[in-house]
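S.K.: Following this message is one structure expressed as structure tokens.
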Amino acid sequence: MGRRRWNKKNPEKARAQQQQRRPEDGGDPPVRLLALQPNNSVVGVAMGNRVTFVNYQTGEEVRLEPAPNPQQAAAPSGGATASPATTAAPAAPHAGCPVRVLHFSPDGHFLLTGGDDKADQAAAAAAAAAAAAAAGSSWRCVAAWRTPKKTSAGGFSLDGAFALFVDKFGDVLVGRVPAAAAAAAVASGEGGGVGAAAGSGAARGGGEGVSSAGALEVPVSLLGHFCTIVTGVAPSPCGRFLATSDREYKVRVSVLPQDLLQGSYEIQGYCLGHQEFVSCIAFAVQQTNDAGDASVSASSARQPSVLLSGSGDGTVRVWDYCTCTELASYVASAPSAGAAAGTGDAVVAATATAAAGDGSSAPEEAGGGGELGDDEADGGAAEEGDDGGGDDDDDDGGNVDGEGEGEGVGGGGGDGDGGGFEEPQRRGKGPQCAPVLSLAVASDGCTVAVVVEGDDEIQLLSLDWTTHCLSLRQRLRWPDVRYPCQVAFGPMGHLWVVGGVPLPTAKSAHIGVAKRGSDGQFAVCTEELLPPPVRALLEVREEDEEAKLSEGGELFAYSKRLRKPAYDTEEMQNFKRKRNDYKETQRLAALRLRQDEQAKQKQQQQQQQQQQQQETSQQQGQEPHREGGGEVVVVKDEGKELMDTTAP
Amino acid sequence: MSWFSSRLNHAQEVTHPRKRFYRARAHCNPLNVTDFDVPTRPEEFDWYGTPLVRFVDIGCGFGGLLVKLSTIYPDTLMLGMEIRDKVSAYVRERIAALRREHPGSYRNASVLRTNAMKYLPNYFKKGQLTKMFFLFPDPHFKAANHRRRIINSHLLTEYAHLLAPGGWLYTISDVPELGEWMVAKLDAHPLFERVSEEELESDPAAGLLATSSEEGQKVARNGGATFRNVYRRLPTPRGLPQPPQAAVKP
């Protein structure tokens with residue numbers, strides 16, 4: 001009987017045989033995001049479902065209006081005026097799901113937000129600096145898109161006319177952003193983009209027509225990496241190229257056409273060299289004459305610029321993106337084997353906890369992974385061993401940098417997946433080390449801030465434009481910001497950082513500011529810039545989370561999802577066992593064996609009389625199982641071959 | 001010792017590998033995260049001093065096309081890429097046996113076990129290839145799996161990047177819907193242009209498409225029709241006609 005019929009007859013058995021859902025598919029942990037508006041003094045922090053924008057000079061909070069719902073659009077609210085009236089409650093955008101993208105356009109007019117509700121990617125237009133007061137400190141949404149998959153990163157094109165969305169399946173989508181003066185109705189430009197822009201099966205090429213009722217638009221596919229998580233997207237300063245980075249250790253530089261909706265069909269090249277996933281990219285423009293900002297200006301196209309990328313192998317590399325050659329590489333975090341650290345304070349307690357936590361979480365999820373709750377007893381037990389190992393290695397390797405060197409110990413944590421289906425062990429090609437999470441380039445083009453996961457210190461590097469080399473200039477630590485995860489440079493040259501306890505259930509977000517002193521070094525100045533009430537708006541501090549952290553409860557690594565799972569042969573055999581055709585093969589093989597046995601017995605019983613019949617039955621019948629095939633069985637049935645190759 | 005001849009051994013009799021010991025499941029999920037030994041960069045792969053590879057057979061299966069092409073173009077290096085372990089081992093053994101049997105020939109063909117959809121740029125530089133072959137690719141009928149089809153717009157951009165201008169991209173399939181899909185994607189890509197039938201008649205490789213591979217022979221045995229589409233990579237993008245307002249399903 002067919003499979004479907006059998007499933008109907010035995011629903012319980014069918015459900016038992018069904019593949020269990022992997023824990024990592026349950027959703028990604030929330031992230032902390034930081035965004036600074038160029039030309040203005042607004043800073044935004046997103047943590048999980050919460051997004052807060054504050055103008056730190058005036059101290060007032062800026063509200064974001066959610067995208068207009070198609071259902072509510074029946075009311076003529078799509079007029080040109082900001083209308084908080086109809087949508088009564090000023091609900092946060094992407095209410096209820098983690099925010100993943102928070103990005104300002106280079107000129108500061110627009111803000112792109114994206115969340116796990118793959119609907120509403122609202123680009124709320126931030127009124128420009130001067131007009132902020134007029135708008136009453138509330139930014140309304142001028143464009144909303146429905147993306148087919150959850151976005152993992154986003155950005156704007158250089159002139160701010162297009163918004164780019166990137167998802168975990170490798171698609172880079174583009175949507176047109178209306179000019180600041182336009183009304184809530186979005187210009188239709190989608191029809192022309194269909195020509196070369198047909199994307200993957202999930203993306204809908206060509207947006208739906210948008211009426212002023214504010215129906216959600218569908219972005220057009222621009223380019224795609226093949227089914228891999230795209231982690232960063234950045235337009236080049238000259239505006240001709242777009243750089244995208246993905247989990248497959250690649251950074252791709254593509255040529256952008258004039259109208260992005262046409263799709264990008266030409267690749268400039270691949271910047272290959274990383275040994276692990278690439279987590280962040282940024283362009284650095286050398287400022288020659290004036291100390292002006294690196295925003296869009298006619299001169300920026302002529303100034304030399306390079307592409308920087310940070311990756312899970314702990315390096316930050318400098319690329320010449322026109323020829324796609326690697327210019328320099330800086331090791332931000334070295335693998336635990338042999339890398340002795342020079343300077344830096346040794347905060348051993350934090351180090352050990354961080355190292356042990358990372359060591360236990362990243363390579364081995366024997367404790368049931370960071371997805372599950374805190375009260376996982378065997379998680380604690382497994383991590384005890386890892387804690388010990390992590391501490392030992394930390395002390396031996398002289399790890400005083402507070403980097404997550406303990407991840408190198410993860411080999412020791414490889415003992416015993418607990419029963420059931422836990423997270424697979426994730427391993428990279430190179431040795432394990434703490435990944436670079438985020439990097440930011442200052443507007444002078446010479447300073448780069450690098451965040452290494454698990455490290456409380458941020459490394460400030462200086463980029464030498466003659467040799468294109470990166471060298472460490474300073475390690476900066478904020479006393480009250482733990483586990484920074486994103487950095488950004490503000491328009492005034494301040495360095496902002498956001499961080500927080502990397503627990504999956506954490507809600508805290510710490511924020512810190514530093515400014516460059518006269519000696520060129522950065523010094524913490526959080527209190528000056530953010531008076532306590534302002535700071536309270538942005539930050540969320542939860543005391544118990546800090547306590548949980550020092551206990552060494554489960555931590556998750558931000559980058560865990562970006563590592564590729566490595567299955568050992570036993571697990572692969574497990575998977576195969578559930579495969580339908582595999583089971584069928586085994587069943588048929590067993591069947592044939594039994595039939596062979598019976599035939600042999602018959603043969604032995606009646607040797608002389610049935611000689612001829614045996615011959616014919618052997619010709620037409622089944623061939624016994626051959627040992628050369630290993631686990632693959634060849635069966636011949638009446639001259640017709642089963643399990644033949646049907647399509648390569 | 002050239003990499004291409006590294007499998008040479010001095011056995012007296014030449015035994016060709018038998019397919020029955022190398023049978024493998026037809027479908028292999030290209031999205032699987034398997035650990036291949038992929039070079040970080042084309043320069044870092046040890047090509048053993050050979051000149052550049054020019055022909056690539058993506059999903060070469062049991063190597064039928066490769067061995068036929070190898071005698072027709074004896075001076076061009078050609079590589080087959082196959083994701084299945086057993087089948088690529090079979091092709092390796094087959095080429096080794098052929099080299100023993102015909103000393104001096106078949107030195108220009110070899111096989112790699114890798115996921116071509118993900119890792120092509122790791123092996124080849126920009127504009128290195130002059131011919132790419134896609135013989136009877138997996139149709140992936142379900143709409144949700146269309147992104148796994150080997151010819152789709154995003155991958156065409158990559159193929160255009162690796163093909164030298166003027167290079168040819170050969171496809172053939174026995175599934176009509178897949179043939180139409182491939183034509184639609186290739187026509188919609190501004191860097192590809194269809195090669196006319198007259199040119200195909202004079203091209204030896206095009207004549208091999210239908211019957212050289214094992215898959216093609218099976219299709220011919222079953223009396224199926226094949227749909228051959230060959231496209232040329234243009235040096236500069238051509239302007240595309242603007243489609244009507246109806247949204248094209250990708």
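Any Cβ shown, glycine's included, is placed from N, Cα and C.
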S.K.: Of the candidates B:Gly59, B:Gly104, B:Gly239, which does TrEMBL annotate as part of the S-adenosyl-L-methionine site that also includes B:Glu82, B:Ile83, B:Asn115, B:Ala116, B:Leu135, B:Ser213, B:Glu214, B:Glu215?
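M.R.: For S-adenosyl-L-methionine, TrEMBL names B:Glu82, B:Ile83, B:Asn115, B:Ala116, B:Leu135, B:Ser213, B:Glu214, B:Glu215; of B:Gly59, B:Gly104, B:Gly239, the listed one is B:Gly59.
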S.K.: Measuring CB to CB from B:Ser213 (S-adenosyl-L-methionine binding site), give everything in the same chain under 8 Å that is also at least six residues away in sequence.
M.R.: B:Cys60, B:Gly61, B:Phe62, B:Gly64, B:Leu65, B:Leu135, B:Phe136
S.K.: Could you tell me which of these recorded positions, B:Asp138, B:Glu215, has the greatest number of Cβ atoms within 10 Å of its own Cβ?
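M.R.: Output for this query is B:Glu215.
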S.K.: What span in Å does the S-adenosyl-L-methionine site cover, taken as the longest CA to CA distance among B:Gly59, B:Glu82, B:Ile83, B:Asn115, B:Ala116, B:Leu135, B:Ser213, B:Glu214, B:Glu215?
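M.R.: If we measure all Cα pairs in B:Gly59, B:Glu82, B:Ile83, B:Asn115, B:Ala116, B:Leu135, B:Ser213, B:Glu214, B:Glu215, the largest is 20 Å.
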S.K.: By CA-CA distance, flag whichever of B:Gly59, B:Ile83, B:Ala116 among the binding-site residues is nearest to B:Asp138 (active site).
M.R.: B:Gly59
S.K.: Which of these binding-site residues, B:Gly59, B:Ile83, B:Ala116, are close to chain A by Cβ (under 8 Å)?
M.R.: B:Gly59
